[in-house]
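*Asks:* According to TrEMBL, the record shows the following:
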type	residues	note
BINDING	C:CYS39, C:ASP41, C:HIS98, C:CYS101	Zn(2+) binding site
There are 6 protein chains.
Amino acid sequence: MEKIIRGLHQFQNNIFDSQKELFQRLAAGQKPEALFITCSDSRISPTLLTQTKPGDLFILRNAGNIIPPYGAANGGEGATIEYAVTALGIKDIIVCGHSHCGAMHGLLHQEALTNMPSVSSWLQHAESTRRIVLEKYPEQDEEDMVLNAVKENVLVQLENLRTHPSIATGLAMGKLKLHGWVYEIETGRVFAYQPDKKQFIHIQEVAPVIEGRSVAQAITI
Amino acid sequence: MEKIIRGLHQFQNNIFDSQKELFQRLAAGQKPEALFITCSDSRISPTLLTQTKPGDLFILRNAGNIIPPYGAANGGEGATIEYAVTALGIKDIIVCGHSHCGAMHGLLHQEALTNMPSVSSWLQHAESTRRIVLEKYPEQDEEDMVLNAVKENVLVQLENLRTHPSIATGLAMGKLKLHGWVYEIETGRVFAYQPDKKQFIHIQEVAPVIEGRSVAQAITI
Amino acid sequence: MEKIIRGLHQFQNNIFDSQKELFQRLAAGQKPEALFITCSDSRISPTLLTQTKPGDLFILRNAGNIIPPYGAANGGEGATIEYAVTALGIKDIIVCGHSHCGAMHGLLHQEALTNMPSVSSWLQHAESTRRIVLEKYPEQDEEDMVLNAVKENVLVQLENLRTHPSIATGLAMGKLKLHGWVYEIETGRVFAYQPDKKQFIHIQEVAPVIEGRSVAQAITI
Amino acid sequence: MEKIIRGLHQFQNNIFDSQKELFQRLAAGQKPEALFITCSDSRISPTLLTQTKPGDLFILRNAGNIIPPYGAANGGEGATIEYAVTALGIKDIIVCGHSHCGAMHGLLHQEALTNMPSVSSWLQHAESTRRIVLEKYPEQDEEDMVLNAVKENVLVQLENLRTHPSIATGLAMGKLKLHGWVYEIETGRVFAYQPDKKQFIHIQEVAPVIEGRSVAQAITI
Amino acid sequence: MEKIIRGLHQFQNNIFDSQKELFQRLAAGQKPEALFITCSDSRISPTLLTQTKPGDLFILRNAGNIIPPYGAANGGEGATIEYAVTALGIKDIIVCGHSHCGAMHGLLHQEALTNMPSVSSWLQHAESTRRIVLEKYPEQDEEDMVLNAVKENVLVQLENLRTHPSIATGLAMGKLKLHGWVYEIETGRVFAYQPDKKQFIHIQEVAPVIEGRSVAQAITI
Amino acid sequence: MEKIIRGLHQFQNNIFDSQKELFQRLAAGQKPEALFITCSDSRISPTLLTQTKPGDLFILRNAGNIIPPYGAANGGEGATIEYAVTALGIKDIIVCGHSHCGAMHGLLHQEALTNMPSVSSWLQHAESTRRIVLEKYPEQDEEDMVLNAVKENVLVQLENLRTHPSIATGLAMGKLKLHGWVYEIETGRVFAYQPDKKQFIHIQEVAPVIEGRSVAQAITI
Ligand SMILES: [Zn+2]
Ligand SMILES: [Zn+2]
Ligand SMILES: [Zn+2]
Ligand SMILES: [Zn+2]
Ligand SMILES: [Zn+2]
Ligand SMILES: [Zn+2]
């Protein structure tokens, strides 16, 4: 904690002033660009990764970036999503998994979760992921299976997301876009799911920003 | 989304290399300092605020930094907490509310939530907050009431947190510390709850890091 | 009841013998062609409509042909679907709504459900339907709105269906097909959803059985 | 699916016209004779068995013809029953089990359900059935046990049914009758429970329709 | 609290010694005669009313002597009943309502419960009682309606009780008896439900203990 | 049951008259001193133990004197507590465990609960107790462990109690006091938890009634 407290002081004494205007403007209200859903894993910094500032990303984080289907859980996921879409008018939702995810490792090794009953129960919302991985990649080594679980889980959670009424309505009206990403910690690269290719593609390849065309659209599911 | 995609490219092209070693080390596993529970609000950047690096903070975020009591919800909160304490051995948990919180505003204005039933239902887990604020601060103006709701809610959620078995056991064994914070967006200041004074105190006042004594202990509930 | 009892006698005395062999063979086990999910409405006879025999269709019926997402209800829907796919190896699932559906009428007139709290609560699983209809067809007359609700609801329930692990796995492995139908009571016609056209099309048009090509494939979502 | 699609065409081209009047009348509304609750098993055709027409039976079907007690599940069973009694004014409810029921077999062999967690969980609502069978018929062979489970389950589900407010009120006011049936696939016979004899009796024996007296009353529970 | 603490001292100093042997025998284990389920109301003393001693009655008390059906609640009712029947081998269960019950009053005046949402939600398990009373006694004065609610509720809760597997099995095997009582605070009289007369009868009339015949049997439902 | 029926007659014939006035006064309404929460165990008589009369104690009893946290169960505990505090204005709540508690024994021996699934599930709300006992007293003999579980469970349930909004508000406003007691069946002694000493102390030692000072205050948590 000492390190964290020292950081607080450093922020207040040395950093805050340089962003004072931004923060004072933000105090009047937020208007974020997107809802970013990712894992609680300490190795992920959404703002670092996207080089965004306070006010840019509305962020939902839990173990495994899991979104239970509508009605399947009364935790914060449904409410946070509904608030983002309905109250804040968010138009883009990113579900971002990551390499080496402990939750996905646990999903494939449920025998290791006997002393973590809440985790075990939570991973029920990723049961589709588990079954797809076991059936689709039966003979892979450990590391590949976890990475495939990460990818399949992003797709499974996007399906779950679609059952939420605010999302379903936004999609039906063409007002909302969903994005499925995987972040590779060791390389800093991000892969986006491309529905037409049924693959995750390194985002630089799919996203020729130069032409000014929205990358987002291309990778929308 | 274009801004976010451009940010990704900038991170990959210009930033990642300078932190390559850190990220490659982190790929082997995380060992975070603390579990940081805060609101999904886009104006909060936990890593900026604490000047910490990837790997330092395990982060749980939802609308209103709410933690339903054990057994009261099957969302990600219980699982994420259990994973932090049991799998990662985390010793410090910070619940950090913030000024101008939309969730707290909604809690005090439930009539504004009719088209957000999931938010309304989620705020049931802050019902104690609502009742305490209405009874304790009956004649305050809007802004003060929201700020008081933010503070009371941090305390209510700390109570909820204590009902989770992994937390209750950690506290009974003296292995775990809980911290209640409120972050003031417009000033960058953080206030920590001090149980003996029954007040939130600006963390610089309570935390003379110079003397090298753990601030954390002083503000533990 | 007299009519029903008389019917039982007639079946036993006059009908059963002619199908005796079929029934005695079926006593050894079932191997149905498809899972047929439809409304409890008395006007729908799945076997009459599809001219199928005992043993051909595994049938799930409830008010509104609603399938809560995985984990969102502990009623019979999830179990019946899982049994159909896992125990019986079913490869095709039809969700069949119908014109003049009382459940869809109730969904659009919730004020009429005050003395039916269980119905009201059940229709939560069609909340996406309700919101899409209200937003997409705001100025239609009553009858058109109900019919559009019937159609949109078939699509919404197909989305819900996809969150069930046995379905998600079957789809990921290419072993399962989903079909969205609407049955028009007054004409006997059936309309099937065509994803590429984003419309329900009269099934004769899409299904030139003469060529022997599987119609099912064409209308699979 | 080809067979089913062909059946659809045959119905539309060759059958519908002969029942056109009935269907067009039904388009204006349904007024069914009874609520028929039975298993999803493909071998059961309620309309064939009772020789009834479209419009006669409101039909609820799930795996095992199970009705969770009021409040014990938020699936379609409670809503469908409430709608039948409250909106349609139905006066007779038949719970109809059947010989060779796979759900009852699963109930007695839970070890076979490890890959069907939803089925396993659903059968909790027939736990009374399981315990009664194990205690009452401890030394029977497999086939007899399943048949006894089918019978006991009809009685257990009738008990569950009685806890639903619309049913409880109807029974208290003498406006509703419940019927417990078992259908024997291999012989086409139906057995009705007679409370005074505490047995299921072949329905022809209990039902001398000639005298015009309501059979229903005699077999009401 | 002073009165209660003084009572504790009086018990320890003046009363305990006279019952020391009983209590020391009981320390080795309990073997109660019956499970007594009644309201939390302070005016009811089950041991005073039945003139029984410590060790005689296993007692379950909550607001309104309500027993949710099996699976409808995860509160203590189901567990306490299961423990009584399975672990303690109890053979008789008494559900005892009482005159002037505040819970029944609340059930008939739900508008008075807006600041008691948990009570309101709990009374859902007595919704059958409410509907039966409103339909069966529509023109009664307040006091009579509450008393009728008390009586009908005892019957409704007995129905709920029957859905619990341990109860259902005990009843099916003839090992268990259920008793429905109403206690009249102002006269000290107890009325027992007699199924054959479909009435609550003053227990002295139905219970000629002189003949030594088990009263219990006569009033068993 | 004969013994109980005989007791009823004795109460009505010989006892009631002597307390007639009290009971007739109570018929007009209750105003209890405290809410007393204890185990269903037949060996505990709250009125005997506290030498109180009908009307003095509002009593909640279930197996193990367990109070699920707010929102964690829809059984009677939350409603009964809310009614006591909100409708009756109760100011003191006693949670009273007891020596030789079967529920606490079951908690430590879950392998003995396989035929009692409802008990097993209910004890989830005492999971913190179980973990604390296993970690804090790892090498104790059976009897000591049960007694320690009884004590720790009183504290755990007091934590759970604090999450209920009516309790949280009462505590925040200083209007409510919570008391943690353990009753020793074999000696008739009661031990109260003293937060400052972090111990259960024989209540006579802490409660010098002579001085007229409220004992309650001293033992409030
Ligand atoms: Zn992760
Ligand atoms: Zn906030
Ligand atoms: Zn319908
Ligand atoms: Zn069956
Ligand atoms: Zn009462
Ligand atoms: Zn006990």
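Cβ atoms here come from the backbone N, Cα and C positions, even for glycine.
Just so you know, TrEMBL annotations are computer predictions that nobody has curated.
A description of the local structural setting of each listed feature is requested, covering burial, neighbours and distances.
*Replies:* Non-local contacts of C:CYS39 (Zn(2+) binding site) by the CB criterion (under 8 A, 6+ apart in sequence, same chain) comprise C:ARG61, C:ASN62, C:ALA63, C:GLY64, C:ASN65, C:CYS96, C:GLY97, C:HIS98, C:CYS101, C:ALA103. DSSP assigns C:CYS39 (Zn(2+) binding site) to a strand segment in the three-state reduction.
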*Asks:* Taking the recorded Zn(2+) site as C:CYS39, C:ASP41, C:HIS98, C:CYS101, identify the other residues of that chain whose CB atom sits within 8 Å of the mean position of the site's CB atoms, giving them in sequence order.
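*Replies:* Going along the sequence, the neighbours appear as C:THR38, C:SER40, C:ARG43, C:ILE44, C:GLY64, C:ASN65, C:GLY97, C:SER99, C:HIS100, C:GLY102, C:ALA103, C:MET104, C:VAL150, C:TYR183.
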*Asks:* Please state whether DSSP places C:CYS101 (Zn(2+) binding site) in a helix, a strand or coil.
*Replies:* coil
*Asks:* Looking only at C:ASP41, C:HIS98, C:CYS101, which of these binding-site residues has the biggest number of Cβ atoms within 10 Å around its Cβ?
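*Replies:* By the 10 Å Cβ neighbour count, C:ASP41 comes out on top.
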*Asks:* Using a Cβ-Cβ cut-off below 8 Å, which of the binding-site residues C:CYS39, C:ASP41, C:HIS98, C:CYS101 are near chain D?
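*Replies:* The answer, in sequence order, is C:ASP41.
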